[in-house]
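Record features (TrEMBL):
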| type | residues | note |
| --- | --- | --- |
| ACT_SITE | A:K200 | active site, proton donor |
| BINDING | A:L7, A:G8, A:Y9, A:G10, A:T11, A:V12, A:G13, A:S14 | NADP(+) binding site |
| BINDING | A:K100 | NADPH binding site |
| BINDING | A:E185 | L-homoserine binding site |
| DOMAIN | A:8-124 | domain 'Aspartate/homoserine dehydrogenase NAD-binding' |
| DOMAIN | A:132-310 | domain 'Homoserine dehydrogenase catalytic' |
2 protein chains.
Amino acid sequence: MIKIAVLGYGTVGSGVVEVLDTNQSSIDQKAGQEIRVKYVLDLRDFPGDPVEPVLVHDFETIVNDPEVKIVVEAMGGVEPAYTFSKRCLLAGKSVCTSNKELVAKHGAELLAIAKEKNINYLFEASVGGGIPIIRPLNSSLTADEFDEITGILNGTTNYIMTKMSEEGLEFDTVLKEAQDRGYAERNPEADVEGYDACRKIAILTSLAAGQQVDYQDIYTEGITKITVHDIAYAKQMGMAIKLLATSRKENGRFYSMVAPFLLNEDHPLYSVSGVFNAIFLHGNVLGDVMFYGSGAGKLPTASAVVSDVIDAAKHQNRNIMVSWSSQKLELGDIAESRSKFFVRISGNADTDLGKIKEVFGDVKLVQVPEYKDEFGFVTGLMSEADYEEKAAKVPGILKRIRVEERI
Amino acid sequence: MIKIAVLGYGTVGSGVVEVLDTNQSSIDQKAGQEIRVKYVLDLRDFPGDPVEPVLVHDFETIVNDPEVKIVVEAMGGVEPAYTFSKRCLLAGKSVCTSNKELVAKHGAELLAIAKEKNINYLFEASVGGGIPIIRPLNSSLTADEFDEITGILNGTTNYIMTKMSEEGLEFDTVLKEAQDRGYAERNPEADVEGYDACRKIAILTSLAAGQQVDYQDIYTEGITKITVHDIAYAKQMGMAIKLLATSRKENGRFYSMVAPFLLNEDHPLYSVSGVFNAIFLHGNVLGDVMFYGSGAGKLPTASAVVSDVIDAAKHQNRNIMVSWSSQKLELGDIAESRSKFFVRISGNADTDLGKIKEVFGDVKLVQVPEYKDEFGFVTGLMSEADYEEKAAKVPGILKRIRVEERI
């Protein structure tokens, strides 16, 4: 039998306890031994809850108990999760977490401690919720070198974009509804400004590159400025607007970005709707591969955490993660990153398109018949810097959205 | 350094050599040591090919060389692949393969030998080509109990169905074109009759259940009878026809089947087009998850084989696969399996629908305006046996296709 502790009895922590209980016999079989919760740490009391007999309020009880071999950190946030995780690892206990913020910030250091102690720091649930992506990157897709990782990594924003598109509603309206339904936080900034997706793509890029990617270095643009007008143009082009988190390797450098993108309907991510997440990768020998599923939610996230617990149980005293060195990876300058740009501009195509072509070269005109005072166009492939320089010469630009196209 | 041997220098075998060469440095890094090909076994000579220095014609050279720790079996077919694989395992060499036929037939036995010898028999490439699915099932999705595995597991048939749908061409025409382009074999039976998909769903179901599923027990229906007429009705309903291989667990039993199904556009498998494969799973805590990618092809398949080689190198003298017992799993009787049925029938809806409703209960009428002498309808949920009994009472049925709907 292996004893575990769960730090935090919130959504994820209580989900972990529930999953371990629901699938107890198959989990024990796959782990090769019984897995039982010895402690749950929370500052709160839960009178009447089945967790009561194992509830403790003092972290020291857990870290000092040599019987506890695996600790689930389900507290969220950087502190005290970081200190607790580090102390558990130093005490020889494997740690499994869904905490993307902590992993993005201190993953390299915590992995190094786990390696030194010959135990494991596992974080399958930190990206893509229930979708297996960390372990496949680490142990399945090992024959490849990846030149693209692009994901829909935030269910809240994907739900909002899907709703805006399907029902023709503005951002604020859909956000409010999502908040009322519990799909969006009261303070939605981390989701809608792209910060959450940014941390997740930082983790994936760090793993793919084997070096530390600081999420602060990643250009991040949210969805708050996307309007029903933008979506009408997207539909006119047979495209969808999605918040993508993407890293592309060009000439030996990773270019990373979180931003709304226009996607063609033949892109595998086009049909990922609602709260679902998906991660698309391109490997140099494998070609395209995509993982799709529930990117959040109590039980899917807990399922991923428990799969880590099982893996930790199967690999006691044996480190399984590839190294993710704390040496900082210098990302490519986003100004050099290239894409096509969709632009909405005030004016009339008949009279103004000539000037635009003088500046941007050949562009593809897009018009939505209902919108009389503006029109849209799609540029050719150009760098961000090039776009900015050209855009400064053309007055009246209302919006620019990048177009995701397989280059 | 670890020395390996490759049995068979055909498409997959030569792909494995190419992938090991192309990504040599990153592969060595992930394996934690250098991986080098010591022998390639083939009966043919390859004058001038870089493989010449390592080419051997006698299997005994390989099986008797204690320096060879890992053997890639890329011969295909049951014999001599089975005998060679077994002898290698008995000699203490891990074996990696893409051979679905062999795995479906003798997987349980070969896994048991590997377990006894504390080495590994790995077959990631046997299902879904480059898509990681065996390892995720074995080591990522361990917290769940799966009640559904449904896949588009054959790229040739999916290419044919996609082409028929997009271009309105009949099966024979598209098959001939696919053969000319090298997407279909000259003898296409294994693909178009569903036999290939059948072996793959047998492997996935065996792994999910932990017991031997004999592929001969799986009801298998190919795509040869699907016509442009059928597809016109599908489009009328906003659906697509796909060859699915599916296992569902109901009341503790797996019901497995390979057959063409109608899919709604909100099903994750709906938009899997062309030669791509995808595997959709439903777990009791995870919910929906899907893996998508290149299901065949030289390099994607080789990528999966090489990922197994890396895993075998990382786990020398340590068995990592879950057991798949040779005890036979009794599948549920397909007559009890339930779905909705789409039916095309000769006649006129105005005069004949009444009688159909008398027999089938409430049905949904589907008409394609161009087809004057026939019409279609979709039944409610019923068992196969129930459908057969009712259908016998209604003359003039031209076709029935099952409707895949999340029950």
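Glycine too: its Cβ is placed from the backbone N, Cα and C atoms.
Predicted automatically and left uncurated, TrEMBL annotations should be read as such.
Overlay of TrEMBL feature records on the structure.
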residue : record                    : Cβ contacts under 8 Å, 6 or more apart
A:L7    : NADP(+) binding site      : A:G13, A:L41, A:F59, A:I62, A:V71, A:V72, A:E73, A:A74, A:M75, A:A81, A:F84
A:G8    : NADP(+) binding site      : A:L41, A:D42, A:E73, A:A74, A:M75, A:G76
A:Y9    : NADP(+) binding site      : A:V17, A:V40, A:L41, A:D42, A:R44, A:F46, A:V51, A:L55, A:A74
A:G10   : NADP(+) binding site      : A:D42, A:A74, A:M75, A:G76
A:T11   : NADP(+) binding site      : A:K298, A:T301
A:V12   : NADP(+) binding site      : A:A74, A:G76, A:S98, A:A125, A:K298, A:T301, A:A302, A:V305
A:S14   : NADP(+) binding site      : A:V51, A:K298
A:E185  : L-homoserine binding site : A:T156, A:Q179, A:D191
A:K200  : active site, proton donor : A:K100, A:A104, A:S126, A:V127, A:G128, A:G151, A:L153, A:N154, A:A245
Over all shown protein chains, what is the count of other CB atoms within 10 A of the CB belonging to A:G13 (NADP(+) binding site)?
25
Using DSSP, what is the helix/strand/coil residue split across the domain 'Aspartate/homoserine dehydrogenase NAD-binding' (A:8-124)?
57 helix, 21 strand, 39 coil
In the same chain, outside A:L7, A:G8, A:Y9, A:G10, A:T11, A:V12, A:G13, A:S14, whose C-beta lies within 8 angstroms of the Cβ mean position for the NADP(+) site?
A:V6, A:G15, A:V16, A:D42, A:A74, A:M75
Run through the Cβ atoms and count how many others sit within 10 Å of the one on A:K100 (NADPH binding site).
24
So, in DSSP terms, is the residue listed as 'L-homoserine binding site' helix, strand, or coil?
coil
